[in-house]
Amino acid sequence: MASKPGILTEWPWTRLGNFKYLILAPFMGHSIYSFFISKDESKRDIGYIIILPFLLLRVIQNQIWISLSRYRTAKGNNRIVDKSIEFDQVDRERNWDDQIIFNGLLYYIGYLRLEQVHHLPLWRTDGIILTALIHIGPVEFLYYWFHRALHHHFLYSRYHSHHHSSIVTEPITAFIHPFAEVLAYYALFAIPVFATEFAGTTSIASIGAYVIYTDFMNNMGHCNFEIIPKWMFSMFPPLKYLMYTPSYHSLHHTQFRTNYSLFMPLYDYIFSTMDKSTDTLYEKSVQKEAEVPDVVHLTHLTTPESIYHLRLGFPSLASKPHDTSKWYLLLMWPVTLGSIMITWMYGQTFVIERNLFKNLKLQTWAIPKFRIQYSSQWERDAINNLIEEAIKEANLKGIKVLSLGLLNQEEKLNNNGEIYIRRHPQLKVNVVDGSSLVVAVVLNSIPKGTSNIVLQGHSLSKVAYSIALALCQRGTQTWLVEDGLNEDEQLKAPKGTIFIPYSQFPPRKARTDCFYFNTPAMICPKHLQNVDSCENWLPRRVMSAWRIAGILHAYEGWNEHECGNMMFDIDKVWKASLDHGFSPLTMASATDSKT
């Protein structure tokens, strides 16, 4: 919200939550009925039925920009602003699709109320040209002065400050405005549409192309990586007055009082509001190379729907634990199936996230394989090759530590990463499976005074044996159970039982009268930056012990591998995690993190 919200700040359907999409349902149904079912040929209008796919096209374009921007800024090449994005920004920008719903309402109502827009031609060149000319002239000019007015303290505090809350922009930041502000923008962008209508040159292409153009430019201007190559300005120097760059608009979000123009910097040059550092920032950003991290965490995909929960996927889903599935993902099975086929064929690890921990640069890389593939004997060689290639790449880049996450360090797969160390004894990058910290987290999660413990897991790993040994030394009676604890076995536990998993994947919750801990994890300190997504099923700002182990390994300068049967001093690792600000994850803190 703006600091002093004005009238018409909220969108009319805010209180409807996810049911807001139902607003368009009657119009969609009517358009489908008119085109496909109605026997009246005059009702079959391509301009009416095309509204729905056009709105979906806008959503798809925005999502492509989101994924591309997050991927490029995680890698670091051409990144403009190095500051971090946190959960509050993701939550604030969750309603970026409101303007698409509003756009759909305008189209549907306009079509039903205005006879003159029925049966428009698909294309008219004169209409396209007139739309472009009016945008270059009146629209850009009026927007410039309206934008300057929005930065007056009266309007800024009531409306525009909401948009400027995002210092580090993402593509969807472009569409985060109070409702009243969007009304004004749409009034401006309607000028070319009405002009072509009065001139009798309107076409479906002139309207559709104009909206796609404004979406493209808005997304590009807020993407936080420089995408415009230098050769374009070298070949046509006047282009610098006619088209802005992401670095140009990024300065507007960091300096506030410069670079007011919409898409054409011309008016900033004319009225002397061009930021003097615009060209310098562009040169710096366009030459910036990919970042070399200090620590890499190597993970993989889990369920087929996990592609949407990645930071490169849907921001609203990535910012919540994986167990918060949405009904609409069922409708996206064709896309999900296509992504499965692509990952099956795509044989290269990719960057999904970037974080900062004090002076350490962190990246998370993902192997394009799903959990089910790790259980396949046919896939093991391919998976091991991908892990080995990632380790070799990290070694070549001079990365200090690579931690193995999820099933990338299973004993049955690679003996906790030991096979890679044997194959490449001269590795400079330290490969860490995180077992020591996992054991420490589990031991410190067990309530004091516990006398009987059953440890269960899909395999009796070195983690299980280390936990059992430590508990036996405490005098705690311990049982090791190899198979997974199924629902029937959980039902045998007495009321109030605490289930504490020590494996990478959480057990299925079959009891409401018992307590279930998360997989071994800790709460992140505040100085861990750029945290705007959840790690798999963990709550916000909670990190798995395997991932934390790699950070500690690099920060403490432990120059040795933690693979195979190798274990560090558990007390030493636990103390290091606390010293660096990581906090134990209790039942209460886990609940608070989820909310």
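Backbone N, Cα and C atoms are what each Cβ position is placed from, and that goes for glycine too.
Small disclaimer: the values here were computed from a predicted structure and weren't measured.
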Between the ranges 94-113, 194-213, 534-553, TrEMBL assigns transmembrane segment to 194-213
Quick one: do the transmembrane segment (48-68) and the transmembrane segment (327-347) have at least 3 Cβ pairs under 8 Å, skipping pairs fewer than 6 apart in sequence?
no
Stretch contact, the transmembrane segment (127-146) with the transmembrane segment (194-213), Cβ-Cβ under 8 Å, 3+ pairs
yes
